[in-house]
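**Student:** First, the structure itself, so that you have it in front of you.
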C-alpha cells in the first residue's frame, strides 16, 4: 500500500511540475485555475458591454429567441442582465459544488481545477439559457442583483481593511524597529499628503460654484472622516498608529472621487464630466481601466478567504487547499451581479451612454454609502477589542 501511495504521489508531483498545458488538462493546479476563472469573468464582462453598446448589430440573431420580442429585450440593459445572470449561475453552481473543500487530491479539488471541457459546455449553456427566459424573470433578477452587488462591496471592504491591518502588523513585527518606524512614518506622511492633495483637487474640479452644496458636503465630510479615523487610531487606549488611518484615508478619498465622478454629465457641478462627454480615446481608456480594475478587484478578493476569519490559521497542512474554493466562486457570483450594476448605473430602468460605466445618481449614492460604511467598519475594528474587553470585565 505504501508503494502504491508513493507512486501516486510521484506521478502527481510529475504532473504538477510539468508544462502549463499538462497541468491545465489534468486539473492539478488550483493557482492556474483561478486565472482561468478570472479570464471567464472578464469575457463575460466584455460580452455584456458589447450587447449594451453594440448589440444592434446582432438584432437579427436575437429575433430567433421568442422571449426577446424582436430582439429589443435582449439588448441594452436587459442584455447586460441576461449575460450577468448566466455568469452568476455558472459561478453559483461552482460555489455549491466546491464549498467545504479542504483537501487537495479530492474529487471536488479536481472539479475546481480541471474538467475544463465539461465546464466550457456548461458555461455556454448557462450563457444562452437567460436569453430563453421572459423579461419579467430578468427584471426580477435585476432587482436581486442590487442586493448581490451590495454583498460584493461589503466583502471587498472587509478584504481591503484586513489587508491594511495586516500590512500595519507586518511593519510592527519587524526586528529592526527603529528603521521600520522611519518607513512607516514616510509611508503615512505620503498617504496623508496625497489625501490632502486629492481633497484640494476635488474642491477645484467639482465645486466650481458656491451653489454646489452636495459636492461640498461630500468632500468636507470625507475630510472630517479622515480626521476622525486618525484621532481614534491615535487614542491612548487604542494606539493603532498613523499608518492604517492614512491608508484608509487614501481609500475613502478615492471612493469620494469615484462617487462625484459618477454624477450625471448634465450637472453643472461636474465640469470634468462635461469635458469628457464625447467619446474620445481618453474616455475609452478610462472605461477599459475601470473594467479591468473591477475584474482584478473581484479576482484578488476571491482569493482572500481569510479576511473573514477572526483567527487566522498559521499551521497549514501539506494537503490543504491553497485558498477557499467555495468563497472564491461566491465572490465571483456576487461580482457578476456587481458588474451588471456598474454597466447599467445601478438602475435597470434606464439606458447608458456608450463607453460609460457606473454613471448616475444611484451610482453616486452607492459609492458614498460605501465610503461611510468603510469608515464605520474600520472604526469598529479599532474599538471592538476595547469594547468587548470592558464588557467581559463588567
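Indices start at 1 and increase along the chain as displayed.
Positions of Cβ are set from backbone N, Cα and C atoms, glycine also.
Automatic, uncurated: that is what TrEMBL annotation is.
The shown structure was predicted, so the numbers you read here are calculated from the model rather than taken from an experiment.
What TrEMBL records for this protein is below:
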TRANSMEM  35-54  transmembrane segment
TRANSMEM  75-94  transmembrane segment
TRANSMEM  114-133  transmembrane segment
TRANSMEM  145-164  transmembrane segment
TRANSMEM  184-206  transmembrane segment
TRANSMEM  213-234  transmembrane segment
TRANSMEM  240-260  transmembrane segment
TRANSMEM  281-303  transmembrane segment
TRANSMEM  323-348  transmembrane segment
TRANSMEM  369-388  transmembrane segment
**Student:** Among 75-94, 114-133, 213-234, 323-348, which stretch has the highest count of C-beta pairs below 8 Å with the transmembrane segment (369-388)?
**Tutor:** 213-234
**Student:** Other than its close neighbours in sequence, what residues sit by the transmembrane segment (213-234), given a CB gap under 8 Å and a spacing of at least six beyond its ends?
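**Tutor:** For the transmembrane segment (213-234), the nonlocal Cβ contacts are 195, 199, 202-203, 206-207, 240-242, 244-246, 248-249, 252-253, 256, 259-260, 269, 368, 371-372, 375, 378-379, 382-383.
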**Student:** Are there residues at least six beyond either end of the transmembrane segment (35-54) with Cβ under 8 Å to its Cβ atoms? List them, or say none.
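**Tutor:** Hits for the transmembrane segment (35-54): 24, 74-77, 79-80, 82-84, 86-87, 90-91, 94, 116, 123, 127, 291-292, 294-295, 298-299, 328-329, 332, 335-336, 339-340, 343-344, 352, 354-355.
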**Student:** Against the transmembrane segment (114-133), which of these stretches has the most C-beta pairs under 8 Å: 75-94, 184-206, 240-260, 323-348?
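**Tutor:** Against the transmembrane segment (114-133), the leading stretch is 75-94.
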**Student:** Report yes or no: does the transmembrane segment (323-348) come within contact of the transmembrane segment (75-94), defined as 3 or more CB pairs under 8 Å with a sequence separation of 6 or more?
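**Tutor:** Taking Cβ pairs at least 6 residues apart, the transmembrane segment (75-94) and the transmembrane segment (323-348) are in contact, with 3 or more under 8 Å.
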**Student:** Below 8 angstroms Cβ to Cβ, which residues of this chain, lying six or more residues outside the transmembrane segment (75-94), approach it?
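**Tutor:** For the transmembrane segment (75-94), the sequence-distant neighbours (Cβ-Cβ under 8 Å, at least 6 residues beyond its ends) are 37, 40-41, 44, 47-49, 51-52, 55-56, 58-59, 62, 112, 122-123, 126-131, 133, 135, 138-139, 141-142, 145, 148, 329-330, 332-333, 335-337, 339-340, 343-344, 348-352.
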**Student:** Are there residues at least 6 beyond the ends of the transmembrane segment (240-260) whose Cβ is under 8 Å from a Cβ of it, and what are they?
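**Tutor:** Distant contacts of the transmembrane segment (240-260): 160-161, 164-165, 167-168, 171-172, 184-185, 187-189, 191-192, 194-195, 198-199, 202, 206, 215, 218-219, 222, 225-226, 229-230, 232-234, 270, 358, 363-365, 367-368, 370-371, 374-375, 378, 382.
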